[in-house]
Amino acid sequence: MPRPRVSELSQRQAPRLRSSSSTSDSNHSNRLITTDQSFKPGVDRKSPRSGGPNSDPLGQKKLGGRISDLESQLGQAQEELRLLKEQLANAEAVKKQAQDELHKKSKKPNPLARVEESATEAERIDRDEIPGDVQKETDVFEVPVEKIAVEEEELRSGNDEAEKLVAKEDEIKMLKARLYDMEKEHESLGKENESLKNQLSDSASEISNVKANEDEMVSKVSRIGEELEESRAKTAHLKEKLESMEEAKDALEAEMKKLRVQTEQWRKAADAAAAVLSGEFEMNGRDRSGSTEKYYAGGFFDPSAGFMDPPGMADDYDDGLGSGKRKSSGMKMFGELWRKKGQK
């Protein structure tokens, strides 16, 4: 029975190792694709730019909506950041495990060198052996060849693990880059959210000031309205007072007119009396008395009753405004004076 060679064993083991390696690579690529699909940082995220603060309610409503939108985006970014950190931690754990396995396998002796030494020893024994002992030596040699094949498979598996480790390192680098981008975006959203909150606070304070000014203006308008009502009441009162004063003025003017008429009549009477005293009283007694009686028979003087009012004076007395007593007392004094002059 011919001896199996190491190269033939290696060729028989290689397809199985390649299939396992391809399966591992496909699993690794599927894991990367799943990671890429599950992580979509910042997709369709449009952060609004902040504008100037508006004191009108519509601007405040829009600003509040933008702040709530930013807060929701910030929460989504925090959740994605947490998932990225978990993926990075898992990748680090897998990397560490692969490094440990690779380190353990690197401490084992090199199976390729052992295979080469075994092949050289087998050829040497093949040349030196007797033909009758071929079957016996073949059975003895099959055990180390199978052992070498297992070690070669382990080596190939170690190489696959090393390739996986390299791919995992690339994945970790990519996750770190995405994590850095997410942290930057999270920081930017936080700053923008803080800026919008400050603008909202400024707008709220400005609206509060405007409302305070508005309340003050309303109170001023109310006070001015009350003052205007008071002024209207005062104006109406003054108008009534002015009307009453005008009525009193008209009454006084009428009284003054009557007094002027009476004064004119008194002046005429005084002139007549002076004329009588200066001219007609120079006659002797009886003639003078008779003439005096004749003179006063018209109603100016009555020796028994005193001085009489001239015609038309009684009506003026009746029309006077409360001055009848003063007029009568004045006429009595004038009559007494006239009587004394007559006795002389």
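Heads up, the Cβ atoms here are built off N, Cα and C, so glycines get one too.
What Swiss-Prot records for 60-108 (among others) is coiled coil.
Residues or ranges marked as coiled coil in Swiss-Prot: 145-273 (among others).
Look at Swiss-Prot and you will find 19-29 tagged as compositional bias 'Low complexity'.
The feature compositional bias 'Basic and acidic residues' is assigned by Swiss-Prot to 93-103 (among others). Outside the compositional bias 'Basic and acidic residues' (93-103), and at least 6 residues removed from its termini, the chain residues within Cβ reach (under 8 Å) are 158, 161-162, 164-165, 168-169, 172.
Summarising the annotation, Swiss-Prot assigns compositional bias 'Basic and acidic residues' to 114-139 (among others).
Packing against the compositional bias 'Basic and acidic residues' (186-195) from elsewhere in the chain are residues 47, 50, 67, 70-71, 73-74, 77-78, 81: each is 6 or more residues past its ends and has a CB under 8 Å from a CB in it. Sequence annotations record features per position, and here Swiss-Prot assigns compositional bias 'Basic and acidic residues' to 186-195 (among others).
Marked as compositional bias 'Polar residues' by Swiss-Prot: 196-211.
Residues or ranges marked as region 'Disordered' by Swiss-Prot: 1-74 (among others).
Taken from Swiss-Prot, the feature region 'Disordered' covers 92-139 (among others).
Swiss-Prot lists 186-218 (among others) with the feature region 'Disordered'.
Residues or ranges marked as region 'Disordered' by Swiss-Prot: 307-344 (among others).
Here the compositional bias 'Basic and acidic residues' (186-195) has, by DSSP, the following mix of helix, strand and coil residues: 10 helix, 0 strand, 0 coil.
Mean predicted confidence for the coiled coil (145-273): the pLDDT average there is 85.
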